[in-house]
Amino acid sequence: MKTLKDLGDLKGKRVLVRADFNVPLDGTTITDDGRIKAALPTIKALREQGAKVILMAHLGRPKGKVVPELSLAPVAARLGELLGITVPLAADTYGEDAQAKVAAMSDGDVVLLQNVRFNPEETSKDPEERAAYAKKIAALGEVFVSDGFGVVHRAQGSNYDVAADLPAAAGLLVEKEVKALSRATVNPERPLTVVLGGSKVSDKLGVIDNLLDKANRLVIGGGMAYTFLKAKGYEVGTSLLEEDQIETVKGYMERAEKNGVELVLPTDVVINPVFPKSDEDIAPEVVAADAIPADKMGLDIGPESQKLFHDKIVDSKTVVWNGPMGVFEVPTFAEGTKAVAQALVDATAAGAFTIVGGGDSASAVRNLGFPEDGFSHISTGGGASLEFLEGKELPGLKVLD
């Protein structure tokens, strides 16, 4: 994979950078700027070389239409604050305003192009349509840097097709992500423990499938655990359950046993009569995992499971965690996720290499107040890090070879 140093002298060059600025918004307020901060090392490195930095990114799912609420204006403002400069936002992605703003740039300037997904061609399934659109974007730059790890698992105009039109390389963030995830999947220090949570087994099938041949231990929590408990013959009440995955999960359990992979499931859970919409809905109780009443649902792992998971995680040299242990947005059901985060922090302090997979786990870690340097690596890519762990070839990385 080509990296920044393979691009040579970039002084005065127009460098197109595909970043990942898909940040959560509350109105026009950014509630977690982690992804913007993650892009700063590449932006600063290019500015120091005297490059003209042209940033592009998507926000939300505007489905190829201009949706004013999904403008990158809040991102341009936050970038300006973090860099201590003005970052102009072009009114379009490759049209007259983008061209004018790029033409007015001096060395070291930064410009942000408007949301690439305002253009239907960006996510088109027609390669020719995407390629023609990518050429229009590529005309703005002389070199392409791919630094949006959150989108490398997709073949889209601004991260895949543009790379065919310009000399292309990975930015510092993508390089860091690939190094970290490779360290967990290629000859990892053992024991390798993989902790999976989140709501659906179906989202993680490929990961489980691949890791049953690689990991020493799989720890399963979150909503997906109830399908595993059901496959063991337990009743799960009204908990989240994927009936159509029970046979698959039984197969995984058999394979784990055959491969000598330790499969760790919750031994107790925190239950509630309903999925909590507000504080009034909460009447939690802790029961054994094989004693969930018919009219209650599991919403977090219980205290015994928290200790069990903690001990298994700390007894590892490499840990990968993807997906929360419960409904962490509600404080009553956040204890399991907190316990796993704390276990990773403890494992890191004891010398283990730890990765927090992107998406919900990364948000949970930040929202629950854990220090970012408590973990070896917090990934910025949810789907991308999962597909990397599945052993899939990621199109956005392949084009950088």
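Along the chain as shown, the residues are counted starting at 1.
Cβ coordinates come from backbone N, Cα and C, glycine included.
Among the candidates Arg117, Arg190, Arg217, Arg255, the one that Swiss-Prot lists alongside Asp20, Phe21, Asn22, Arg35, His58, Leu59, Gly60, Arg61, Arg154 as binding substrate is Arg117. Of all the binding-site residues in the record (Glu329, Asp360, Ser361), the one with the smallest CA separation from Gly60 (substrate binding site) is Asp360.
Between the listed binding-site residues, namely Gly60, Gly298, Gly359, the fewest other CB atoms within 10 angstroms of a CB are found at Gly60. Annotation note: Ser361 (ATP binding site) sits in a helical segment as assigned by DSSP. For His58 (substrate binding site), the same-chain residues that are 6 or more apart in sequence and have a Cβ closer than 8 Å to its Cβ are Phe21, Asn22, Asn115, Val116, Arg117, Glu122, Val151, Ser158. Of all the binding-site residues listed (Asp20, Glu329, Asp360), Glu329 has the fewest other CB atoms within 10 A of its CB. Note on Arg117 (substrate binding site): other Cβ atoms within 10 Å of its Cβ, all shown chains, come to 24. Burial estimate for the binding-site residues (Asn22, Ser361): highest at Ser361, by number of other CB atoms within 10 Å.
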